[in-house]
Structures are given as structure tokens and as C-alpha cells.
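**Student:** So Swiss-Prot lists the following for this protein:
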DOMAIN    49-101  domain 'FHA'
MOD_RES   Thr161  phosphothreonine
REGION    1-142  region 'Interaction with CDC5L, SF3B1 and MELK'
REGION    143-224  region 'Interaction with EED'
REGION    191-200  region 'Involved in PP-1 inhibition'
REGION    200-203  region 'Involved in PP-1 binding'
REGION    310-329  region 'Interaction with EED'
REGION    316-351  region 'Disordered'
REGION    330-351  region 'RNA-binding'
REGION    331-337  region 'Involved in PP-1 inhibition'
MOTIF     185-209  motif 'Nuclear localization signal 1'
Amino acid sequence: MAAAANSGSSLPLFDCPTWAGKPPPGLHLDVVKGDKLIEKLIIDEKKYYLFGRNPDLCDFTIDHQSCSRVHAALVYHKHLKRVFLIDLNSTHGTFLGHIRLEPHKPQQIPIDSTVSFGASTRAYTLREKPQTLPSAVKGDEKMGGEDDELKGLLGLPEEETELDNLTEFNTAHNKRISTLTIEEGNLDIQRPKRKRKNSRVTFSEDDEIINPEDVDPSVGRFRNMVQTAVVPVKKKRVEGPGSLGLEESGSRRMQNFAFSGGLYGGLPPTHSEAGSQPHGIHGTALIGGLPMPYPNLAPDVDLTPVVPSAVNMNPAPNPAVYNPEAVNEPKKKKYAKEAWPGKKPTPSLLI
């Protein structure tokens with residue numbers, strides 16, 4: 001085991017001893033500044049870990065001016081099952097509690113002991129993996145309260161300090177897993193190169209008309225507000241050689257309509273009327289496209305005298321059956337029957 005000096009142009013190196021081995025899972029360091037826990041450093045992956053200011057050579061960087069580039073090494077002894085701390089000839093020294101370690105001499109670090117590097121105020125406490133309680137309660141032991149009983153059943157520690165310690169450990173463990181996953185993924189995945197967008201400016205020779213109503217007078221200014229609706233029209237009847245148009249068939253029907261002759265319906269028209277307007281058959285004339293009847297100026301007179309019918313001034317009385325009960329009864333009013341179209345005749349209820 002040897003360590004190069006931190007001074008000079010040569011790079012500091014650390015030779016791993018033969019007795020170094022992999023530590024048990026869950027071994028970690030609590031980084032505390034004052035009374036506040038800053039983070040947890042998991043140290044169960046490698047045989048040794050380097051501490052110092054140089055982030056390229058050290059596993060854990062100490063950001064303090066009093067620390068050397070490669071300050072110290074933390075090594076796990078595979079036979080003794082203990083952790084040893086080695087000072088790599090640092091300028092301001094490595095401390096176990098308040099005792100400064102000798103350079104290049106391994107010093108055993110007990111569990112729950114605290115170490116510090118240089119003049120840094122951060123203290124590093126060695127911890128094992130937090131122990132969880134069994135899920136079942138042994139014997140007749142009873143928990144004090146409902147919360148403590150629930151924590152015991154879930155396998156969580158009863159005290160708040162132990163619970164916070166377990167939470168911080170799990171957080172640090174998850175961060176390490178996510179970091180390792182990202183680093184391994186970056187080795188296999190090649191990031192595609194970004195294509196630069198064409199930043200050149202081009203001009204189009206074609207003129208683009210935005211408002212056509214300003215150029216074309218046939219385009220209305222409010223064309224966007226106009227709505228067009230198409231209403232289908234019934235097809236007109238096709239006029240064939242054997243069929244008549246609507247207007248002609250209508251006039252034919254009006255001509256064939258039987259008009260009453262009136263007082264002078266049978267006389268022919270005079271010469272002035274015949275020359276001024278056309279007339280049709282049956283004593284009708286076409287006025288405004290419609291047939292109108294002519295008045296009969298000389299109707300036929302019936303010369304046979306009309307004999308009036310004889311009127312009987314003394315009608316014979318109609319015999320009726322005498323009913324003595326009807327005489328004593330009071331007279332009843334008789335109302336007229338109501339009649340309307342479609343009413344069926346019903347027998348009268350009045351006597």
C-alpha cells in the first residue's frame with residue numbers, strides 16, 4: 001500500500017491493499033453539518049472510496065479549501081469485517097473524533113463513530129443499514145398506542161429519529177439506483193445530432209393577394225357574411241305533341257265551363273262589340289285571356305198564362321182524440337229543435 005504526495009506535478013495514486021473486500025449492503029455515512037443531516041453516502045459498492053477536492057479522482061468530493069485533492073481513503077477489511085480509514089498525507093489532516101490520524105497508517109473506524117477532513121465543519125458518521133422491526137409482535141408485548149402498534153405491524157421503527165434515518169437511507173439508495181441507471185443508459189444510447197434550421201431569408205416573386213375585394217370589383221366586401229341557400233324547383237311538365245301546356249289547358253277548361261246566360265245570354269254581340277274584342281263560342285268573349293258571358297238582350301217570353309192554384313179559405317178541422325188527463329196538466333213550453341249539418345234524426349222527447 002502506497003500513496004503519492006499531493007504536492008508536485010505527479011498525479012496522486014492509491015494502491016488498494018490485498019485485504020480489502022466488498023462491504024456488507026447498507027453500509028453508509030451520515031453527513032451532518034451542525035445539527036442538520038445533509039445527506040447519506042452509500043459505501044457498499046466498492047472495496048475502497050476516495051475523499052478529496054478533485055472530482056475526477058475522488059468518489060466523494062469535499063468542497064473545502066483546507067482539503068487536499070486526494071485527502072483520504074476508506075477501506076473495508078474482508079477478514080476483520082471492519083472499516084479502516086487511511087490518511088493520504090493530507091496537508092490539514094484527517095480526524096477520528098478529535099484525534100488526528102497518522103499518514104499512510106490504516107485506522108479502524110467503529111460503527112457510529114465520526115470522522116472529519118481538514119478544517120471542514122462537516123462530520124461523517126459511519127452507520128449500518130437501518131434495522132426494521134418484524135411484522136408480528138413477539139410474546140405478550142403490547143404497544144403503547146394505536147400509532148405505535150400500526151408502525152410495529154408495518155415494520156417501521158417506533159421512534160421518530162429512527163424513522164427519519166430510515167427515510168433518508170431509502171432516499172439515498174433510490175438516488176444511487178437512478179444515477180447508475182442513467183449512466184449505464186448513456187453508454188449504449190447515442191444521442192441524435194440536432195439539425196440546424198435553415199436561417200436564410202428567401203423572397204417570393206409571386207404576389208399574394210390578401211384582400212381580393214380591394215383588387216377585383218366583382219368580389220363583394222361583405223362576402224363572408226353572405227349565406228347562400230339552394231331551393232329546388234319542381235320540374236315543369238314536358239310539352240309534347242299530344243299534351244297541352246298549363247296555360248292552354250287552363251284556358252280550355254274555362255271555355256268549356258257552363259256559364260248562365262243571364263237576361264241577355266242568348267243574343268249575339270253587336271257589330272261594335274264584335275269588332276273590338278274577340279269572342280268564343282256559346283256567346284262568350286275573351287276578355288284579358290278569360291272567357292266572359294254576354295248578357296242576353298232579348299230573352300224569350302212565355303205567352304202561356306199562368307193559372308193560379310185554388311186556395312181553400314175554410315180548412316176542415318183535424319179530429320183529435322180527447323184525453324181528460326191532458327186537460328188538467330199544465331201547459332209545457334215547446335222549444336225548437338237544434339239542427340246542424342250531419343246531425344242524425346232522433347225521435348222527439350216532447351209530447
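A Cβ is built for glycine as well, from the same backbone N, Cα and C atoms used for every other residue.
On a predicted model such as this, the values are computed, not experimentally measured, just so you know.
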**Student:** Mind tallying the region 'Involved in PP-1 binding' (200-203) by DSSP state, helix then strand then coil?
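**Tutor:** Final tally across the stretch: 0 helix, 0 strand, 4 coil.
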**Student:** Could you give the number of helix, strand and coil residues in the region 'Interaction with CDC5L, SF3B1 and MELK' (1-142) as assigned by DSSP?
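**Tutor:** Counting residues per DSSP class in the region 'Interaction with CDC5L, SF3B1 and MELK' (1-142), I get 0 helix, 54 strand, 88 coil.
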